[in-house]
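S.K.: One structure follows; several queries about it will come next.
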Amino acid sequence: METYSVWNRIYDYINPIAFKIFDISVHWYGIMYVSAMLIALLIAKAFITYRNERFPITQELLDSFFIWVEIGVILGGRIGYVLIYSPNRWEYLMQPWQMFNPYTNGVFVGISGFSYHGAMAGFVLAAIIFCYVKKQSFWIFMDLSAISIPLGYVFGRIGNFFNHELFGRVIESDSSLRDIGILVNGELRYPSQLFEAFAEGIIVFILLICLLRYAKKPGTLLVAYGVFYALARFVCEYFREADSQMGYFVFGLSMGQILSLVMLVISIFLGLFVFVQKPISSQKIKHQRKKK
């Protein structure tokens, strides 16, 4: 009979609910999501303070931008999940307000289901509108976002881990990796949430930091983020269980992998456009500052 370590049984010691306020449960995922936003904002503030020649953005503009894109993330993430993953998408489309209704039969159950790729689409759309309205450089704001998001993303995936969701695939009985497995319903599964936190968050951030000094053209960091994230997500999906309502598609690919390939192709084509852009010059920076 197989014995399990404390790590294998870690879910026995982690309650998805951090605490309750009256009858409302506050989940770890919610706490981690807020932490992710704050970390990303703090990193962005650090870059516009210490690398202002690369990111000529004021604190006031950054705060305003953050509010705009956060609305885009919430709307895009939820709508994206409903359209791509939810088996009840047609019911939601008939009553779209139900996408954001945290109550079921008068009981608070929260809002379940959030798509990263949908959130990214909402983020970009909100950024485009913001930069158009405020007459700002879309590429500079997106470069700043690209290098600020990854470490915040780490907290989001840890939140998934604490919330007992987005489980990894079952580890084969003869695999030497069973020691790192997490026991879920009697089966050892890969801690794919932590794999994603490391690969899509920490590794991507390190790569972008290494690229920063060479990224002279606006949009370079955005393109690099798209490529790095898409590749990391594609690989990590091999350790992550596909959504039960979706399953696997052509060549055994998950929906996450298909969307990552789409993201990779878009990033490459975007890179061709960025390649012909002029480097950020001191004259352009001065012009940006005068407009503020």
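Here the Cβ of each residue, glycine as well, is placed from N, Cα and C on the backbone.
Here the structure is a predicted model, which means the values were calculated and not measured.
Okay, so Swiss-Prot annotates it like this:
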TRANSMEM  24-44  transmembrane segment
TRANSMEM  65-85  transmembrane segment
TRANSMEM  110-130  transmembrane segment
TRANSMEM  136-156  transmembrane segment
TRANSMEM  192-212  transmembrane segment
TRANSMEM  219-239  transmembrane segment
TRANSMEM  256-276  transmembrane segment
S.K.: Verify whether three or more Cβ pairs under 8 angstroms connect the transmembrane segment (136-156) with the transmembrane segment (219-239), leaving out any pair fewer than 6 apart in sequence.
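M.R.: Counting Cβ pairs under 8 Å (6 or more apart in sequence), the transmembrane segment (219-239) reaches the transmembrane segment (136-156), since there are 3 or more.
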S.K.: Six or more residues out from either end of the transmembrane segment (65-85), which same-chain residues have a Cβ under 8 Å from its Cβ atoms?
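M.R.: For the transmembrane segment (65-85), the far contacts come to 37, 41, 44, 57, 92-93, 99-100, 111, 113-127, 129-130, 141, 145, 243, 245-246, 255, 259.
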S.K.: For the transmembrane segment (136-156), give me same-chain residues lying six or more residues beyond its boundaries with a C-beta closer than 8 angstroms to one of its C-beta atoms, as numbers and ranges.
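M.R.: For the transmembrane segment (136-156), the sequence-distant neighbours (Cβ-Cβ under 8 Å, at least 6 residues beyond its ends) are 32-33, 35-41, 43-44, 47-48, 54-57, 61-62, 65, 69, 123-124, 127-128, 130, 197-198, 200-202, 204-205, 208-209, 212, 215, 218-222, 224-225, 229, 274, 277, 280, 288.
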